[in-house]
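A.B. asks: My structure is below; once you've seen it, I'll send some questions.
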Amino acid sequence: RMFHDDELEESEKFYVGQPRVLLLIYALYNTLVARSEMVCYFVIILNHMISASMITLVLPILIFLWAMLSVPRPSKRFWMTAIVYTEVAIVIKYFFQFGFFPWNKHVDYTKDKPYHPPNIIGIEKKEGYVHYDLVQLLALFFHRSILKCHGLWDEDEKGDSSSNKEDTDDELSLTGGRRDSSASLKSVNLAASVESIHVHFPEQQTAIRRKSSSSISQLSHRSSFSSHRSKRGKCLDISGIGRTKILDILKNINHTTLSLYFLQCKLCAIKSHCGLCCFRTLQVYVPIRQFFYNLIHPDYSAVTDVYVLMFLADTVDFIIIVFGFWAFGKHSAAADITSSLSEDQVPEAFLVMVLIQFGTMVVDRALYLKKTVMGKVIFQVILVFGIHFWMFFILPGVTERKFSQNTVAQLWYFVKCVYFGLSAYQIRCGYPTRVLGNFLTKSYNYVNLFLFQGFRLVPFLTELRAVMDWVWTDTTLSLSSWICVEDIYAHIFILKCWRESEKRYPQPRGQKKKKVVKYGMGGMIIVLLICIVWFPLLFMSLIKSVAGITNKPLDVSITITLGGYQPIFTMSAQQNQLKSLDPNEFSEFMGSYRGNTAALQFLEGYAREDITRADLEGNSNSLWTISPPSRQKMIQGLRDFDADFSLVISWTIQRYKNMKYLISHFFPRTLEEVYPYYIKAPSDSLAKPIKQLLRDCKWENITVSLVKNTSEEWWVLDQLGKRQKVSHESLELFIFSDKVSPPSLGFLAGYGIMGLYASVVLVIGKFVREFFSGISHSIMFEELPNVDRILKLCTDIFLVRETGELELEEDLYAKLIFLYRSPETMIKWTREKT
């Protein structure tokens, strides 16, 4: 071989023979070295997210408005600025850690105040105040060592001197042809100082031809020219140029350059304090202006398109806002967006953030369609300053907590920094010349097909994109015609994907379908349809058994009335009178029904925490107040044994959300078998006694007695056969509470089974029926064997629109419409290629 080295081969063999873990470490280190610039950016942004102060705010802004916009890479001046600034920040933070400063005497009281001046500036006293700054300084020194190893650290200074030399050589060694007026602008050197402005004009064509005739004359003239240029001249070099030529060149020179030049002459003549201030201002303004001028008007641009990545970053930020909107409000830390929307309340923080995020996405789309780099630069500057000012100075005051304590806001800001980096890369490289179609339509496979169809299923996204594209794109088509072209293109793209899939996976003629295809596709559809049909039953069954929560009673009340007169007994049990069964009591309770199949079947649906025992006092909590006539009439009714006298027992069970369950029952005048010992509290509005748990399906007996005390009287009830043996009069009641659906799924469970069938199943069934029954109407547009020509016609429309051939766009659109109006032409256009 031509370049053979035994040592290099041995080294390569040694490297390949290392363990995989060591090779992985080598690869990670090489990745770190190759992306050391991004590592520095990440550490600086991370330091600012943790510190969130004015000291650390400077470098992130410089990253997005200077470093990432520099072509081809950040200059040495930026890295030196970052290193020196970090070192100064470390010294300042260290200096203000001493305890003799007044604000360091009450650190525990002021450390969480977002608007405390030391917290805003970043000079507060805290532990680990300089850790991230040291990591940042270490990353910067590491990147500097990488640049020095590759000879890129001093590249800027060498590049400036070499470029000046090349410009001088180019000016004096033109081999033919006269430079145009735009070339004369390149000879203007706008450096960092106004003093270094030189304006040189090319000599006449005859003089240039004479120079090109002999190399000796070129060298002699070049030496004289360089000696003349070494002098810091204050006037224009117009020797050897005619008056007409001078006027032509002056017309094409940048007006700002001449203004700066004459301003320099005036400043040198005035030598006043005001002139000195203006001079210093120009020293700062001119380089910044030249930087952005070169950015907007580059000599060359590596055109790229990262709009999709910027859109994804904005989408992630949008999702963070939706699910973490409480982080951008004041007293909404415990809020839930679903509960807020269900109560018809839109949080202000959620509304403002959503509108701002959506507005920036619309503006970004408009700039992308107009392909204006200047607008993108202005939007980048406004957005960088606006976001940083809002996140680190306004948001902490709104939320009353520091940015470093707001995790959701930190995550949102980090994703926004990714967006800023992508935007800077887009500005530096320039917008693409042509934007053709959707980014998902670049290839024809199943992934693009399903992603594109999912994109079209998002409500209003397709419509909004089509209208924005029509507004900000030069076209002669009306809005309806534009939407028609977009719809045809989307339909043809989907057909193209299916045709390509048929080519990749061909089906031989005369062969039956494989079982994998039939059971895979058909089986999935069958399972899906069955799930839709039986969804309400499955949902209502599983929602309570799997995801249900226990809803214990809050209040249990018993009321007994004789024959419709004034109630003789009223009692309620609350709080400590409502007790859950312990494991031993629950085991004993279950064991008492061993052998009773009906009772055990009922108890299978309840756990120990679902059973509540209510202990009600036997003494009524209200006096029996009845008028004497009614009292005598009630006594007469009780003595008449031939007539029926009713006893009304009603119970009320109050559970979560103030749901009341009430039932009344009528009994004969006897008090035997009148008390329901076990009550079921379902999720509906009716509480029922549980007959399966009663002994021989008989209710319990109670004793009723009237107690008199001078002028007062009340009734006392006592239950016979209580499980919990107590000496005093009391009533015992067991409540079995059904589980209820969680609040997050309450909006579905509230419809019930019939409601779900009416609102969900029938609606879905309508769409499914349209899919299966409307195929015959679209055969002439769906069954197209070859759609390449139609697809090419659509892309031709996009292409001529981007190139400005608007008349041709109208002709191609008319051709497309005629194609869809003529079935015979469509058949000819979609035939397979032979």
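Cβ coordinates come from backbone N, Cα and C, glycine included.
So TrEMBL says this about it:
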COMPBIAS  213-227  compositional bias 'Low complexity'
DOMAIN    34-154  domain 'Piezo transmembrane helical unit'
DOMAIN    304-541  domain 'Piezo THU9 and anchor'
DOMAIN    579-832  domain 'Piezo non-specific cation channel cap'
REGION    155-180  region 'Disordered'
REGION    205-228  region 'Disordered'
TRANSMEM  14-32  transmembrane segment
TRANSMEM  39-66  transmembrane segment
TRANSMEM  78-96  transmembrane segment
TRANSMEM  306-329  transmembrane segment
TRANSMEM  349-368  transmembrane segment
TRANSMEM  377-399  transmembrane segment
TRANSMEM  411-431  transmembrane segment
TRANSMEM  443-459  transmembrane segment
TRANSMEM  479-498  transmembrane segment
TRANSMEM  519-543  transmembrane segment
TRANSMEM  745-768  transmembrane segment
A.B. asks: Are there three or more C-beta pairs under 8 angstroms joining the transmembrane segment (377-399) and the transmembrane segment (411-431), sequence spacing 6 or more?
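C.D. replies: In contact, yes.
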A.B. asks: Can you check how the pLDDT averages out over the domain 'Piezo THU9 and anchor' (304-541)?
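C.D. replies: Across the domain 'Piezo THU9 and anchor' (304-541), the average pLDDT comes out at 84.
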A.B. asks: Can you say which of 14-32, 39-66, 306-329, 349-368, 377-399 has the most Cβ pairs under 8 Å with the transmembrane segment (78-96)?
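C.D. replies: Of the candidates 14-32, 39-66, 306-329, 349-368, 377-399, 39-66 scores highest.
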A.B. asks: What stretch, picked from 14-32, 39-66, 306-329, 377-399, 443-459, has the most CB pairs under 8 A with the transmembrane segment (349-368)?
C.D. replies: 306-329
A.B. asks: Near the transmembrane segment (14-32), which same-chain residues lie under 8 Å Cβ to Cβ, leaving out any that are not at least 6 residues past its ends?
C.D. replies: 39
A.B. asks: Mind tallying the domain 'Piezo transmembrane helical unit' (34-154) by DSSP state, helix then strand then coil?
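C.D. replies: In the domain 'Piezo transmembrane helical unit' (34-154), the DSSP-based counts are 82 helix, 0 strand, 39 coil.
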